[in-house]
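Remarks on the structure that follows.
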Amino acid sequence: MNVQEQGFPLDLGASFTEDAPRPPVPGEEGELVSTDSRPVNHSFCSGKGTSIKSETSTATPRRSDLDLGYEPEGSASPTPPYLRWAESLHSLLDDQDGISLFRTFLKQEGCADLLDFWFACSGFRKLEPCDSNEEKRLKLARAIYRKYILDSNGIVSRQTKPATKSFIKDCVMKQQIDPAMFDQAQTEIQSTMEENTYPSFLKSDIYLEYTRTGSESPKVCSDQSSGSGTGKGMSGYLPTLNEDEEWKCDQDADEDDGRDSVPPSRLTQKLLLETAAPRAPSSRRYNEGRELRYGSWREPVNPYYVNSGYALAPATSANDSEQQSLSSDADTLSLTDSSVDGIPPYRIRKQHRREMQESVQVNGRVPLPHIPRTYRMPKEIRVEPQKFAEELIHRLEAVQRTREAEEKLEERLKRVRMEEEGEDGEMPSGPMASHKLPSVPAWHHFPPRYVDMGCSGLRDAHEENPESILDEHVQRVMRTPGCQSPGPGHRSPDSGHVAKTAVLGGTASGHGKHAPKLGLKLDSAGLHHHRHVHHHVHHNSARPKEQMEAEAARRVQSSFSWGPETHGHAKPRSYSESTGTNPSAGDLAFGGKASAPSKRNTKKAESGKNASAEVPSTTEDAEKNQKIMQWIIEGEKEISRHRKAGHGSSGMRKQQAHESSRPLSIERPGAVHPWVSAQLRNSVQPSHLFIQDPTMPPNPAPNPLTQLEEARRRLEEEEKRANKLPSKQRTKSQRKAGGGSAPPCDSIVVAYYFCGEPIPYRTLVRGRAVTLGQFKELLTKKGSYRYYFKKVSDEFDCGVVFEEVREDEAILPVFEEKIIGKVEKVD
């Protein structure tokens, strides 16, 4: 029997509707029986001379390896060949259809070289090693090595071990051609396919589609022709066109009955546009709404939309535009009669709508083609470089100007702040180095004498007329009340200036019997000066009044000198005695009363009289000088009375040190006159900022009766406190003076070690005697414990023991002013 392997006719009348395999009809073993009446024009276009296999799996297979070229009747295997492909890789590679389908899958995955290399190695091993084939074998070995092994980027080279590649390279270079030289590489590639590509092929869509349709579904033809038969390539889905490659088709164009010839081998934009209409419906009928993937890493793209690397329409309009135009309702309506002939029937419109939906599902979103980076405009360059540079320079200059303005403003604010804080009035090194003058606004809250001293500056005592200095100063202060105090480099005030300040400041005379003693009605300057003057008046009481006034003013000036050149001047005895002491609260109270004359001066200035700037007349000077002398004499009498009471300067200094840390004793009722006490309470706050300056003159002495009463009260308190403390604890507290860890007198420290813990617990318990019951209340964990407490004992050499205490009423022993115990759990 002559059996041809090509061009078997289709017997459409003998088709079966069942999917189960059937044996062939007797006498028709050589015929191909189709199980499906669908036309064969649904197949794919072949890539390299691949034909269409139209026979079914139920037809009698033609086996060239059998004696008759086919299997006899009754011996056909009931298992379809595509099911045997899933048994092993060799079963797949033994069948031509399986090889074709497997190669198609590998092409989609980009690893078809694995299968080609495997077949190349098999073919090289089958070459007989003879002299005639030696040259052919050498060329073939070199070709295999260069194409698959030498290229390090190829998939075969990547899947081959380096030792195997080195062995093949040595064989090729030394021309030691052996039939088994590629066996190791073939084994490695076969293992790779069995582990990766072969399982993926069995799960792929192309294999599942092939098995579902019983090998009758159209399939993409491979490079190698099937041994079962050949056919013509029909139009269908074109393969994916890569941007950097030119699509080629080596298949010869054969004409079919009733069919146009296949497209030419070269794919062009014009050809795609011409064949768009027939490709759209054919693709819909084949896929039935299913998507066919050409590669697992790439979205499906219909070649119709790939136009030389650029899209002709957006993705929304490119999705099956032919179907949209067919289903559009843009036809004109004929309203001549009752019929509407322009609208297609509802069934057709519904069918078109369903076709569009299926096409959208198949195509999906059409991705835009890749645009090379060189065609893209850089994002940074949006304007011309020259304009950009000008704008940048302009903005940078604006930023620089803003920063400079901010720096200047900060410098000005800093300068103003330093002026307000009295930076120019910083003291030189020495006793005045740690003190600063107050800021400018603070001068208005002080008595007139301090205001004059701060604003007039440090001037020479023998350089200018005191009256002119005073006039200039008053005018300047009234004109600019917030002026800056002069620095230390200026001149010190002279005696005339100080005397004039005292005269102008004390506008109210001291009337009444309390005024000469307490100085409440005198000006602030007199209050602060009399302690320097009265020590020298009683020695030379026969001197004239003018001389005493000049001497008093000179001594006051020497005590008020703030510059470094005045520290060598002679200081009065009382000043030297009181420089190391802080002024008492009573002194602050006496000095604070000086705000009354300043208020009167301010009222005069506001009313326009400007009395402080007027030079007093001769009669006024004489009257005020007389008042000053009267005040000096009264002060001398007061001091002599203090000395008779046996209160020396050392006691005063000690008492003042105590007074600085206690409440104001002058505020107590009964210490002074009730009205005076009220006035003093109102005038004490706020105190001067520089009242503790050691170079400032001391305030007048407080009432000695008040100081004696305060001293007696403190002594009584100390005696009461000493009687409460035991002698031993008082000695210990004196030894630990200054430490804040000493417990109060009515509490005791309790420390205990709980169940062998290395760190003790410490707490404070009220009372000196602590019982075991009180100690148990301190424990946070309740249970059965034994209690031991440390005490002094001579029984052992160590000198101490831990004594167990069991009774709750027992007093716990004390060790070094603490109760130290150990709590052990009873087993």
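Counting begins at 1 with the first residue displayed.
Backbone N, Cα and C atoms are what each Cβ position is placed from, and that goes for glycine too.
Note that the structure is a prediction, hence the values are computed from the model and not measured.
Features reported for this protein in Swiss-Prot:
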REGION    1-81  region 'Disordered'
MOD_RES   Ser75  phosphoserine
MOD_RES   Ser77  phosphoserine
DOMAIN    88-211  domain 'RGS'
REGION    215-287  region 'Disordered'
MOD_RES   Ser217  phosphoserine
REGION    315-344  region 'Disordered'
REGION    348-432  region 'Interaction with GSK3B'
REGION    353-411  region 'Interaction with SIAH1'
MOD_RES   Ser468  phosphoserine
MOD_RES   Thr480  phosphothreonine
MOD_RES   Ser485  phosphoserine
MOD_RES   Ser492  phosphoserine
MOD_RES   Ser509  phosphoserine
REGION    530-625  region 'Disordered'
MOD_RES   Ser578  phosphoserine
REGION    642-667  region 'Disordered'
REGION    713-742  region 'Disordered'
Around Ser468 (phosphoserine), how many other CB atoms lie within 10 A of its CB?
12
May I have the DSSP-based helix, strand and coil counts for the residues of the domain 'RGS' (88-211)?
96 helix, 0 strand, 28 coil
For Ser468 (phosphoserine), what is the secondary structure by DSSP, using just helix, strand and coil?
helix
Report the mean pLDDT of the predicted model across the region 'Interaction with GSK3B' (348-432), rounded to a whole number.
76
